[in-house]
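Below: one structure, written as structure tokens.
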Amino acid sequence: MAKGTKIDELNPRTTKYEFLGPPGAFVISIVVPIVLYALYFGCSEASGGHPPSLSLASLRENVGSAVGSVEWWRSLWDWDASFAYLGWYAFCVASWAVLPGKWVEGTTLRTGGKLKYKVNALPTFFLAISIALALIIRGGPQAFTFIYEKWVGLVSAALLMSLVQATACYIASFRPGALLALGGNSGNVVYDWFIGRELNPGIGCFDISTFNELRPSMILWELIDISMVCEQAVRRGGFVNVTASMWLVLAFHTLYVFDCMYNESALFTTMDVTTDGFGFMLSVGDLVWIPFTFSLQARYLAFCHVELGALGVLGVITVNALGYWIFRSANGEKNEFRNGRNPKNLKYMDTKRGTKLLITGWWGMCQHPNYLGDLIMSVAWCLPTGFSTPITYFYPVYFTVLLVHRQMRDDEACAQKYGDDWKKYKKLVPYKIVPGIY
Ligand code: NDP
């Protein structure tokens, strides 16, 4: 921090709300857990995972009559699942502490300082997968179906963890000297608790926000998928009989998760880390939403064994490959450029701020080509589930809303950062996510 600068001066009051302010934050905080449970009950083996489960009558049949009963509420909580979840979280923390990793500096904070992050999500990923595989080799697929069987209990445990973390971080943010997020210091308890009051909370060198983003969220997503493959293998008499659709979903998700682990340091320049505080939005998003909704297609295939013909397999692989190519090459172009390299000799424009903006290559086609790739992949992940239920297509629908909203937030942030230069850039690159359309 510059000499003479008081922390209060660095923590101005937030005057502009996002997500429709406190009412919006309140509604999202209530709706997210409801959607998480609804996705389970609306797309479970009991409901057949079929469209009628979306109808009111069917919902009443599957869930409604039971919702009022004490047993139904009790079924949401499971002590075995809770201890297993706690053990899983402890495993992630211990792996972070023990496994080797480079310490990498993040971006410059408003205090002038930089935080250091330990980059070892990839070894944690390999360790977790190895343990799962060792269990399966030793005990067969039935040794790893626990996650399928304890799904609701695990969701509840993860939800409780996200509530505890958001609340503890909110309370801790009132200690003297805490650096707050510019958008999380409104003074409204509900809003600040939801959006995140403190910028990079943690204990010592343990930063909770970056830790949660990859380890207990994405690695758990991978383990859930593996458990779903095991469930199908048990039902179909071994791994050799597991459907191509299930293997495809596992392969696509694994590629995505591995990519995130491999490029862990790219996380430190994202909006989640540099701009957003750590509140319920991030804790529930990382700990519950990512693992338990992104794996929905695999859970559906565990009990609905969709068979794809050779043409179907080829088509789905092509869609995913197209999405991944755009996603990886667009992110690669920007990462190289932001790290001072320009191997493709792309054109760029100078800005008064000193940072250059690419205007050819992927970043000359639209403002967020990486979002486009991500969206195409999200569709490819659902195609293996066929077309007999819309529920497995929940992910691309939700993801489109998230990315359009994120693009608008980034547009505002860039307008502030770059001023008139951003207007100039938008004239040169008018499309936001889909060239020629949006
Ligand atoms: P971007 O990677 O699009 O980054 C936006 C930033 O890039 C801007 O703030 C600006 O920052 C810089 N930038 C903008 N235009 C240019 C340009 N022409 N040339 C160079 N730099 C430019 O957004 P995100 O951080 O939101 O996304 C990162 C990845 O994460 C994406 O691939 C996205 O799909 C993915 N993602 C996935 C989610 C999931 O749930 N699966 C959720 C959210 C994101 P500056 O100029 O300051 O460098």
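Even glycines carry a Cβ here, placed using N, Cα and C.
Here TrEMBL flags 20-40, 82-99, 119-139, 151-172, 238-258, 278-296, 308-327, 375-399 as transmembrane segment.
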Request  = Could you tell me whether the transmembrane segment (151-172) and the transmembrane segment (82-99) are in contact, taking contact to mean 3+ Cβ pairs under 8 Å with a sequence separation of 6 or more?
outcome  = yes
Inquiry  = Counting CB pairs under 8 Å, which listed stretch among 119-139, 238-258, 375-399 touches the transmembrane segment (278-296) the most?
reply    = 375-399
Other parts of the chain folded back onto the transmembrane segment (151-172), taken as Cβ under 8 Å at six or more residues beyond its ends = 33, 36-37, 40, 75-82, 84-86, 89, 178, 189, 192-194, 196-198, 201, 208, 212, 278-280, 283-284, 286-288, 291-292, 299
Key: Positions on the same chain near the transmembrane segment (375-399), where near means CB under 8 A and six or more residues out   = 39, 42-43, 49-51, 53-54, 244-246, 248-249, 252-253, 256, 293-294, 296-297, 300-301, 304, 306, 308, 312, 315-316, 319-320, 322-324, 326-327, 433
Inquiry  = Below 8 angstroms Cβ to Cβ, which residues of this chain, lying six or more residues outside the transmembrane segment (238-258), approach it?
reply    = 125, 141, 218-219, 221-222, 225-226, 228-229, 232, 294-295, 297-298, 301-302, 305-308, 313, 316-317, 320, 324, 377, 380-381, 384-386
